[in-house]
Amino acid sequence: MDTRDLSAKKIHEGLKEKAFSATEVTRAYLDQIARHNGELNVFLDVYEESATEAAQKVDEKIAAGGEVQPMTGVPVATKDNILIDGEKATAGSKMLENYTATYDAGVVKKLKQQGAVFLGKTNMDEFAMGSSNENSAFGLVRNPHDLTRVPGGSSGGSAAAVAAHMAPLSLGSDTGGSIRQPAHFCGVVGFKPTYGAVSRSGLIALASSLDQIGPFANTVEDAAWLFAGISGRDPYDNTSREYSYDPQTLQDMEKYRGMTIGLPDEYFIPGTEEVVAKNIQAVIKSYESLGVQFKRVSLPHTKYALSTYYIIQPAEASSNLARFDGVRYGRFVEDGQSLRDIYVGTKSAGFGAEAKRRILLGTFVLSSGYYDAYYKKAVEAKEYITEDFTKAFQTVDAILAPTAPTPAFKLGEKVDDPMQMYLSDIFTIPANLAGIPAISIPSRENDSLLPIGFQLMGPKWKDADILGLGHLYQSA
Ligand code: GLN
């Protein structure tokens, strides 16, 4: 069984028709992981035993006439900031190297109920801070398309796992682009749902008002499949909403053909590589040939998005990371003379450079005297940015833009220049600030040797339309 020939949908159909067993499917993915993980460093933990057992249970259930739900027997890889009961969850940090989760994240609980098989935990930038996966305390991840390049971040492992067919589906988290940007770099689909569509319970928090869990897959159809399995209200996350997504809506082709997509002036700017800009033009042509119309729109406050994000996100991160102090979580000083020794010793040894930078930035913008000048202003700017989208969506159904200004860059190219690294998320950050759904879809309409994606953004709670438009493109 070759995992390159499989998809979540095919696995589902095969299990239903008894063409193969869940055990065979899981074995094939575990073998693919064993073949490539040494080189790529995608998985931090592989669940050889528990995945095999879970698959066997699925087979027994199917043999006994049990229902094959959409996610039954489908393997999933999980970013290492999402908790699975009894398994390690490091969030890519030395701080949590020895931490074992004591409960299942909301998304994991939902997937377990449906009989999904968890393959293991994927590498990531420490506490999801980064755009290249080079901030992981457990080594970098290589892009499966070019081993000298980054897979993107912070969900670099989850993107690379799907790209290298080590998993048909994976889960990532997106606070400022961490699903879409690595999807674009690795040539896979990455979807950030509407804020509140998916539970954040059991997600190790980076910036709680922006974080959202979402799927990676090789096709929009598969991403929609996993999204259906994880979305909806969870009593353990009060920002999650009653919401049910039906992948059947992907088939409403006529509806999507009749849609109008907006092209925001502010996203076609110098600094975007020509190959990326040209790719967007080709995507426009494809959509036009399907009947979709295009219209220019303006999102005038886009220029403030990056700076707004780099105030709000570190502010929330500094507050969320305060618990890693050697007393509540993490411990690097066993015999400190004072509480202060424990705090300083633990934080100095446990956090990497980027985490320290964000904690310092965040603490600064929240400190008295600077709170009004920075944090309060950023919250206001966030509202203007959101308002821009609300206005634009009065005249268009979706917005098309590049996912990132460049294809995957070289390992080491930006590690010493945080500003360059931050610019990698210039096109993805606005959707997080506005809480809207956004997807990155690989496009083959370019002569680039590296994968290039495009981004579709939609109005809040119109996740189905964004997925539908994406599927329309892929099915053509
Ligand atoms: N690269 C961005 C950052 O470092 C986004 C991270 C994310 O979405 N988790 O903040």
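Residue numbers in this text run from 1 along the chain shown.
Every residue, even glycine, has its Cβ placed from backbone N, Cα and C.
In sequence order, LYS121, THR122, MET124, SER155, GLY157, SER158, SER170, LEU171, GLY172, SER173 are the residues of the chain that are 6 or more apart from LYS79 (active site, charge relay system) and have a CB within less than 8 Å of its CB. What TrEMBL lists as active site, charge relay system is LYS79 (among others).
Within the same chain, residues at least 6 positions away in sequence whose Cβ sits under 8 Å from that of SER154 (active site, charge relay system) are GLY92, MET124, ASP125, ALA128, MET129, GLY130, SER131, ASN133, ASN135, SER173, THR175, SER178, PRO182. Marked as active site, charge relay system by TrEMBL: SER154 (among others).
The feature active site, acyl-ester intermediate is assigned by TrEMBL to SER178. A coil conformation is recorded for SER178 (active site, acyl-ester intermediate) in the three-state DSSP classification, outside any helix or strand.
According to TrEMBL, the domain 'Amidase' annotation covers 24-467.
Taking LYS79, SER154, SER178 as the candidate active-site residues, the subset whose CB lies under 6 angstroms from any atom of ligand 1 consists of SER154, SER178. DSSP gives LYS79 (active site, charge relay system) a strand state.
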